[in-house]
Amino acid sequence: MDEPPAFRGEPAHGASESSSWGQILKKHMYDWLALILLAVGLVFLDTFGRPFHRYVLPEELRQLRYPLLANSVPAWAIPAYTLLLPLVVFGAFFAVKKDKRDFHNAFMGLMACLILTSVATDSVKLAAGRLRPDFSSRCFPNGQESFSVPGEPACTGLASDVIEGRKSFPSGHSSLSFAGLGYLALYLGGKSGTFRGRFQLPTYVPFFLPLIGATVVAVSRVRDYWHHWQDVTVGSLLGFGLACFCYLQLYPPLTSAAAARPFVGQSLSRSDHHMIRPSGDIEIGDSAG
């Protein structure tokens with residue numbers, strides 16, 4: 001019985017090498033359509049969404065007087081290291097292996113991971129409306145705090161700064177960093193055999209380097225007073241959790257003997273090929289399918 005087209009797989013190779021780009025994209029047409037719709041929803045959310053206005057007590061506001069600092073990691077840098085850097089790595093493997101399925105799976109999984117993480121992060125930000133540690137500096141740049149009505153600060157700062165000050169939980173820098181770099185770590189871990197066989201330090205380096213980079217970004221959010229530590233912790237777990245989820249829909253677990261090979265969905269070839277069971281064991285399939 002045929003499997004549904006979305007994020008499912010069987011053969012490890014064979015079909016992957018003989019498939020054309022058109023065949024691969026046609027097989028995952030609904031996956032890409034779903035991602036496009038999610039991306040449109042994300043744009044709508046970012047454009048029209050407004051954060052929840054929480055009831056603010058005077059004593060709470062006194063704890064949010066940290067200075068408004070520039071980001072150590074600017075927002076424009078996020079796509080560079082969460083999207084472009086992984087694409088360069090995927091492209092390097094494709095240049096050597098010429099495996100269309102591997103490049104497609106890696107790219108589609110990364111896009112799914114980043115889009116899902118963005119939608120989840122922004123939705124929770126708007127619903128929670130948690131105030132940033134520097135909210136008072138955003139709301140009252142002159143340092144004179146006042147309330148229009150109980151629980152509602154009478155902000156005199158720029159509207160854009162005040163709105164942004166209500167989007168502390170969870171940290172978007174942290175979630176996207178662990179989504180993009182976490183996915184890259186899993187990809188490199190599968191290719192280098194990090195968790196297969198005995199301990200070999202060189203195989204752990206490509207797995208942990210992206211995670212260290214994501215951690216540095218996350219820590220910078222607390223250091224810059226843009227986030228509380230809880231925001232960063234939850235954002236990091238959210239991003240890496242979705243990275244694991246998306247990766248494992250398209251690749252075997254890192255402990256599998258076939259971890260370096262992508263799933264290829266429904267078989268595109270009737271020739272002999274290796275079949276990956278959910279457990280990661282390898283079984284030689286016959287041509288009768």
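Heads up, the Cβ atoms here are built off N, Cα and C, so glycines get one too.
TrEMBL labels come from automatic prediction, so no person has curated them.
Residues 6, 25, 108, 111-112, 115-116, 118-119, 122-123, 125-129, 152, 163, 166-167 of the same chain sit 6 or more residues outside the transmembrane segment (32-53) yet have a Cβ under 8 Å from a Cβ within it. Feature annotation from TrEMBL assigns transmembrane segment to 32-53 (among others).
Annotated transmembrane segment per TrEMBL: 73-96 (among others), in sequence order.
Look at TrEMBL and you will find 103-121 (among others) tagged as transmembrane segment. Residues 7, 21, 24-25, 28, 31-32, 35, 38-39, 41-42, 45, 82-83, 86-87, 90-91, 93-94, 170, 172, 175-176, 179-180, 183-184, 187, 235, 238-239, 242-243, 245-247, 249-251, 262-263 of the same chain lie 6 or more positions beyond the ends of the transmembrane segment (103-121) yet place their CB under 8 Å from a CB of it.
Per-residue pLDDT, averaged across the domain 'Phosphatidic acid phosphatase type 2/haloperoxidase' (107-247), gives 96. Positions annotated as domain 'Phosphatidic acid phosphatase type 2/haloperoxidase' by TrEMBL: 107-247.
Here TrEMBL flags 201-220 (among others) as transmembrane segment. Same-chain neighbours of the transmembrane segment (201-220): 71-73, 81, 171, 173-174, 177-178, 180-182, 184-186, 188-189, 191-194, 232, 235-236, 239-240, counting only residues six or more beyond its ends whose CB sits under 8 Å from a CB of the stretch.
According to TrEMBL, the transmembrane segment annotation covers 232-251 (among others).
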Requested in this report: Please spell out the DSSP helix, strand and coil residue counts for the domain 'Phosphatidic acid phosphatase type 2/haloperoxidase' (107-247).
Outcome: 96 helix, 5 strand, 40 coil
